[in-house]
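Engineer: Before anything else, here's the structure in question.
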Amino acid sequence: QNNWQQQRQQQEDWRMKEMEERKKQLEDSKMKMMEERMRQQADLQKKQEELKIKQEQQKADQQKRIAEAKAMMAIRRTMQKVRQATPDSFAEAHAELTQIMEAEFKNCSEAGGKQVKEEADKIVETVKARVDAVFEQRRKVQEEKERKERERLELEARAKALAEELQGLIAEAVAAGKAVSDAVASLADFAGNGREEAEAAVAAADGAERTAKEKFTRCTDFILEHRATLRTVLPDPAAAAKAAAPKVLAKVIAAKALAAKAPAQAPVQAPEDGEAAPAAAEEPPAETVQQATQRAIGELAEAKKATQAAAAKRPGLKARALRRAAALEQTTAVKAMFKRYDRDGDKKLNKAEIAAYAKGEFSFALQPALIDRFLETCDQDAGAKSQSAGEEDFLRVRQFVGLKRQLKVMDKLREKRLEREKAVEKARGQLKDAIAAIAKEVQAAEAAVSEAEAQVNPLGKKVRELTTPAIYELADKVEPVVRASSSTAAAARKAFEGLVDGFEAGMQDTLRAVVKSDQFAKKIHMQTLRFAPRISRAENLLDRFRRDAERKEELKRLEEQRKVEEEKRKAEEEVKKKEAEEKKKAEEEAKKKEEEEKAAQKAAEKEAADEAKAAEEPAEGEPEATETKDEEKMDGEGAEEAEKAEDGDGKRKAGEALDESPDEPAAKAAKTE
């Protein structure tokens, strides 16, 4: 009991001492707050004074900035004028900028003045470079203009010289064209006495045409070669009309106005497009180079057109002149022939003379009876019995001899044709026998090919049943049969193709036509044509059979290789699986060992904590636990009391805390011990 009272007294002393300390802290806190407020008021007053000074300074700076802005605005406005100045107004704008800079530069700050001066210098430099470039460009343009003018004058002089040369060439071409027309006209009027004169006239026309073509070609080549230069002399008609249209319109308007002012005078006729108004009493102007050249080109076109028309007539006139000359020569030759066979000179051909003509000219002997009948015909037409043919009937004599010669030739041809028909008929029988013999060969070839097909067709089904050596053995057995059928079919086909080769060369075409028209021969021919694809199919099947054997052997090899690779893969997978299981088992054992180590460590830590706790516990367990709880409660309430003491209610709250926790000092003392 005494011990408890002592503890109670100690608690009271401690509370009183704590109250005094807290009261002293509260007074110190109030004192510090008062000092802080006074310091803040002093700082506020100092800041207000500084703000007033700063505002006055800002006002002065603002006025200075306004003046600087006005100055820089005026300078920049003038700079804009310089920037937009043309080459002609640049000097004036530059002088104005210099004046404004001298007047307003003093109102600018150091940085602003430096900046605006740099801008002005840069603008002046840029614009000056542009103006200099413009002046340089103008100078170059002027020089280029002068150069082009010099070139134009030189080109015009050269064009005039070329135009004069062209006029001379055109004059020569026009003269050559006129020569062609004259030569063709003389050829049209040709009435010479011989072929030499006709050929001379034709040669003259041909030479004139060649010369004219050369002259025209030379003119055309000259124009094409110097076309660019001659454009100055020969302007485009459309461009010339377009350029002359305003002048013509002005002249028309002037003429109408003049006619309106003087109605009593004769009406002034308006000029047509491209023509100038006629002068009243002026002499016609001299022909210019352009007009002369255009006139010459027009003459060239007309001459070329006339020459082409004459040249188009020349071939017909040439043929007519040559025909005339040939007819004249033929007539002369016929007269000479009549005179040669008119041996008695009576200007008539008797029976003996006609026979001599046929024998001498054609080596043809005429029968006297035929000559008599012909002369009777001539006498009937003449109305007299002279038993002779005059010079006017010599054409009929020639026709009579030619007709008899042709009839004799036709008789010989008829005899040959009859002999040929007999030979062909005989050959027909031989041909039928040959066809029958070849038919037997074709049937034998058909049997051989069928046998080959019968042995080849089932081979595809036997590939799976037979082994590879058996397949090769069977293929070697069937191959001779296929080759034999191919040889037999080729022999039959060759025999049919050479069916008519044993006959005469002159009858072979006829016999070939007979073979083509014969139905039995057609059937044999079609049968021989089918041999080739059938044998080719049999050979392909046999080759495929061999390839199937190779493919089967390859598949077998690949299957064995696949099995080996599959076993190898399974072995590798088994090894990998075993390694993975061993690795997993090792990881599980390591993890289990780690967990066991952690569990052992935790158990050791827990055991150590229990031992430490057992060492700290007092002998009397229950009262100590109560005091510990009271101490924790006192600590929490003491912290709350300190917070509330700062709000001004420290004393009252502290008393309530002491009333509520009478055992706190004892608990704290026990904790301290």
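Think of each number as a place in line: the chain as shown, counted from 1.
Cβ from N, Cα, C; glycine included.
Since the structure is predicted, the reported quantities are computational estimates derived from the model, not experimental observations.
Pulled the feature table from TrEMBL, pasting it below:
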COILED    131-172  coiled coil
COILED    410-455  coiled coil
COMPBIAS  10-65  compositional bias 'Basic and acidic residues'
COMPBIAS  264-287  compositional bias 'Low complexity'
COMPBIAS  560-616  compositional bias 'Basic and acidic residues'
COMPBIAS  626-656  compositional bias 'Basic and acidic residues'
DOMAIN    329-364  domain 'EF-hand'
REGION    1-65  region 'Disordered'
REGION    264-293  region 'Disordered'
REGION    560-673  region 'Disordered'
Engineer: Report the DSSP secondary-structure composition of the compositional bias 'Basic and acidic residues' (560-616) as helix, strand and coil residue counts.
Structural biologist: 57 helix, 0 strand, 0 coil
Engineer: Can you give the mean pLDDT for the coiled coil (131-172), rounded to a whole number?
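Structural biologist: Mean per-residue confidence for the coiled coil (131-172): 85 out of 100.
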Engineer: Taking DSSP states H, G and I as helix and E and B as strand, how many residues of the domain 'EF-hand' (329-364) are helix, strand and coil?
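Structural biologist: The counts are 25 helix, 2 strand, 9 coil.
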